[in-house]
């Protein structure tokens, strides 16, 4: 029996009914799937029934187990196993062809990988299992106290949905928190809307004190922000979680030269 390793945030999914629900949720036309952290290969086995699969696995001890389990699929080219940390594999894409991402993501690296995937032009969307709290952040709507930069970024380019919760007892070892499977289906790319690095820096400033007023978080640009809020008919004491994506893009549009300059001066 292989023991899960804490340093990789491993919690092996052992509930077959959860695997079935994940497979059912994958859009039918997806025929190139990337999996991150295949673990013991239980989800991989189901994915291979509907698509070719490329899997990224960081754990040395799991590579021979996966090679043995999927020897036939590896030989015929239906399965491609990459021994690499997936978070370092976006150069800039996880694959040269359009792909759909499916994963039970380690909690410590989940937000980083999801954002990288959203920025990857070849990624069509993703269905991932993450900590319930993180799924709520990615799928939150404006006005909800959970609405943050993660919610803004995902709402900009995706149709978003929390599909179902997953109890700790569905894993070995059981995590200390509730998990959830969420779906982010891309409808556009960031570069159709903004220069993403500058926009992320702008959002970082907007949400640096999420319960404070937006004007206070952007006090460096107070005069311009006041002008924009007035033009858009927004109250001066509005808070970051109360602003929708379209308005964030409009506010950023007035400040983008400042953020472009900041990026160049780094």
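Keep in mind that glycine also has a Cβ here, set from the backbone N, Cα and C atoms.
S-adenosyl-L-methionine is bound by 11, 13, 57, 85, 104 in Swiss-Prot, and the record lists one more residue there from 37, 125, 143, which is 37. Note on the binding-site residues 11, 104: the fewest other CB atoms within 10 A surround the CB of 11. Between the binding-site residues 57, 85, 57 has the most other Cβ atoms inside 10 Å of its own Cβ, all protein chains included. According to its DSSP assignment, residue 85 (S-adenosyl-L-methionine binding site) is coil. Neighbour counts of Cβ atoms within 10 Å were taken for the binding-site residues 13, 37; the minimum is at 13.
In the three-state DSSP assignment, the secondary structure recorded for residue 57 (S-adenosyl-L-methionine binding site) is strand.
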